[in-house]
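Novice: The feature signal peptide is assigned by TrEMBL to 1-24. The disulfide bond annotation in TrEMBL covers 40-74, 44-79, 55-64. The region 'Disordered' feature in TrEMBL is assigned to 303-328. If you look up TrEMBL, you'll see 345-464 marked as domain 'NTR'.
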């Protein structure tokens with residue numbers, strides 16, 4: 001019989017499966033639907049609401065696994081100025097009431113050094129002891145400045161789904177919960193060259209669609225990154241006006257613009273954006289490559305590699321290299337012949353005397369005190385980056401950072417970096433309206449600024465304003 005014993009074991013196992021012989025595992029109950037959310041636990045500021053569900057099971061079934069209650073954050077309008085903080089209000093309910101079995105009366109304020117942060121630990125004012133009055137009310141902050149809330153005596157974090165204790169966190173592309181399978185990473189290098197016309201100026205780099213997150217754009221050159229919203233409004237470095245590094249608000253997110261001394265720039269934004277953003281580059285030299293990256297929810301339309309559709313742009317001021325010699329140019333406002341590009345250098349002939357000062361002041365579109373930040377030769381011209389200090393006269397908009405152009409490379413008038421000058425210049429717009437800039441003639445008025453020069457130019461302003 002000993003040799004038949006394994007067959008007997010297999011037979012019994014088969015019979016138990018086929019005929020129900022043996023001990024069956026009890027089944028578990030199932031949860032019913034969630035009920036409605038309760039009212040918020042607070043009348044202002046932060047609070048919590050809860051909802052419940054029932055476990056549907058028979059007497060033979062095991063209880064359901066999970067929590068029968070769920071809590072969510074409810075944020076209401078801010079509490080009025082001077083309102084007592086929620087935890088302090090709970091402590092104050094015990095003011096002048098007997099505790100500790102003695103007739104002594106105390107006033108109570110929150111105490112944050114106790115082990116359980118969700119107990120109502122209150123310190124007796126003027127004494128060195130605290131007392132625990134049970135749990136704090138649901139919706140009380142776990143500590144000063146803490147984003148977490150106390151619920152049923154437990155300190156719970158708020159998930160990105162608004163549910164307390166869910167542990168849900170936003171992923172790279174801004175979606176709540178799930179893995180990165182639902183995200184699309186866009187990472188490209190723009191290597192476009194200068195416009196075919198030969199002028200330096202603005203070029204489109206890419207469109208960053210609405211909904212993008214973790215945006216980063218990097219340019220390792222002396223060109224300038226520019227940013228435009230979907231309605232054609234510049235956020236950064238538009239109209240040939242260079243912005244200072246720092247934080248900016250755009251498309252519902254905060255943008256951080258950084259520029260290193262060697263010219264390297266970066267734009268970064270956490271997102272998600274609520275409208276399209278257009279990245280451009282203001283070319284001052286050949287483009288070595290602009291790297292950009294961002295995340296999108298999968299299925300979201302992404303920019304194509306060949307997307308070079310034109311953008312509506314304001315006329316840029318100071319648009320780069322001049323046209324070739326002999327190209328038709330004209331000045332607006334009817335100011336004489338067009339400037340001469342290049343040419344041989346002779347002696348600098350700065351204007352002198354009171355009459356010259358008055359004539360230049362009256363005929364200039366821009367008169368201002370400026371600090372010279374940088375000097376650069378561009379083609380047959382000299383370009384100065386200046387900081388506008390004091391405007392005396394400007395017929396057209398003048399911003400704190402400007403480019404001033406001199407139509408030669410001769411160093412006339414002589415302007416030194418780091419020095420401050422009083423400049424009188426004209427607005428120059430060419431025939432095709434591709435140039436709109438501040439032009440300082442080679443023999444234009446440019447004097448080192450001083451209190452005396454300030455007084456003289458103000459006298460010229462009064463003379464120019466007199467009727468003739």
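Sequential numbering from 1, following the chain as shown.
The backbone N, Cα and C atoms fix where each Cβ goes, and this holds for glycine too.
Values in this document were obtained by computation on a predicted structure and should not be read as measured data.
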Novice: Enter the number of other CB atoms within 10 angstroms of the CB of residue 40 (disulfide bond).
Specialist: 18
Novice: According to DSSP, how is the domain 'NTR' (345-464) divided among helix, strand and coil residues?
Specialist: 24 helix, 51 strand, 45 coil
Novice: By CA-CA distance, flag whichever of 44, 55, 64 among the disulfide-bonded residues is nearest to residue 74 (disulfide bond).
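Specialist: Going through 44, 55, 64 one by one, the closest to residue 74 (disulfide bond) is 44.
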Novice: Check the Cα-Cα distances from residue 40 (disulfide bond) to the disulfide-bonded residues 55, 64, 79 and tell me which is shortest.
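Specialist: Smallest Cα separation from residue 40 (disulfide bond) among 55, 64, 79: 79.
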